[in-house]
């Protein structure tokens, strides 16, 4: 996976000091950002030129104390040909030697008004997301009450129809049929649609539906974190289903664990309403209210009361 410098410019606002068409096509292959403090002092033993080079106040201040050809010689080493882009934060002045070094190595040179730590965070977050390894899962990804919900189940069970009904009830579609899943950080899983299927739902017997055209921009979302999974399965009276909600299932995607609720489907059940209830119950548990525990406490109190009687 790689991100071009042009992709970075399309996403984050910078003032371009120097660029060329070839420099804009250079690839960023890591989300780690280099702040070349020791390098400006001449120590290059662990220098990693393939990273973005970010100059903050400290690096810039030291650079400005170096004068004459020494400054240019240092900058030529820091701004190596392998370096994809050099960024100067805080709208700090760009010395002519830095522009000359950028031209020498054909590197895009950018300036940002953002504080260095803030810019570092924005860059890392963007690159982590874009460079993350993606896997494809079959299902419907929705934003329901602000919760990212991945709806899965056997083919033909009604996942897309449930998603369409949820859109009609005011929730937002992220992806239908193919969901591209990626790990945004160590504990967060996110999902987005395949570009060709963005804003689309396929309903058997009807065909492809453009959700944004029919229901408006508020009915779709580009991506969402996956907070819970719901699995639709055909009702089987011989199979035991969780009736109290005290036996949660955990599924794993890309090494991230996600709580799963399994919902039996049969004629006459309003699946979209049940999905909404499952999501609201999930939110309530996150807020500290557990209806199952409340019921168990009441049952324990009732049994104790009957024994005393």
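In case you wondered, yes, glycine gets a Cβ from its N, Cα and C as well.
Marked as active site by Swiss-Prot: 138 (among others). According to DSSP, residue 138 (active site) is assigned to a strand segment. Of all the Cβ atoms in the protein chains shown, 12 others lie within 10 Å of the Cβ of residue 138 (active site).
Cβ neighbour count for residue 155 (ATP binding site) (all protein chains, 10 Å cutoff from its Cβ): 6. DSSP assigns residue 155 (ATP binding site) to coil, not to a helix or a strand. Taken from Swiss-Prot, the feature ATP binding site applies to 153, 154, 155, 156, 157, 158, 159, 160, supported by sequence analysis.
Every protein chain considered, the tally of other Cβ atoms within 10 Å of the Cβ of residue 159 (ATP binding site) stands at 24. Annotation source Swiss-Prot lists active site at 159 (among others).
Swiss-Prot lists 160, 202 with the feature Mg(2+) binding site. DSSP assigns residue 202 (Mg(2+) binding site) to a strand segment in the three-state reduction. Counting Cβ atoms from all protein chains shown, residue 202 (Mg(2+) binding site) has 13 others lying within 10 Å of its own Cβ.
Taking a C-beta cut-off of under 8 angstroms and a sequence separation of 6 or more, residue 177 (active site, proton acceptor) has the following same-chain neighbours: 138, 139, 140, 160, 197, 202. The feature active site, proton acceptor is assigned by Swiss-Prot to 177.
As annotated by Swiss-Prot, active site applies to 243 (among others).
When pLDDT values are averaged over the region 'Important for the catalytic mechanism of dephosphorylation' (264-269), the model yields 85. Summarising the annotation, Swiss-Prot assigns region 'Important for the catalytic mechanism of dephosphorylation' to 264-269.
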Report the DSSP secondary-structure composition of the region 'Important for the catalytic mechanism of dephosphorylation' (264-269) as helix, strand and coil residue counts.
0 helix, 2 strand, 4 coil
Name them in sequence order: residues not among 153, 154, 155, 156, 157, 158, 159, 160 whose Cβ is within 8 Å of the mean position of the Cβ atoms defining the ATP site.
232
Taking 10 A as the limit, how many CB atoms besides its own sit near the CB of residue 158 (ATP binding site)?
19
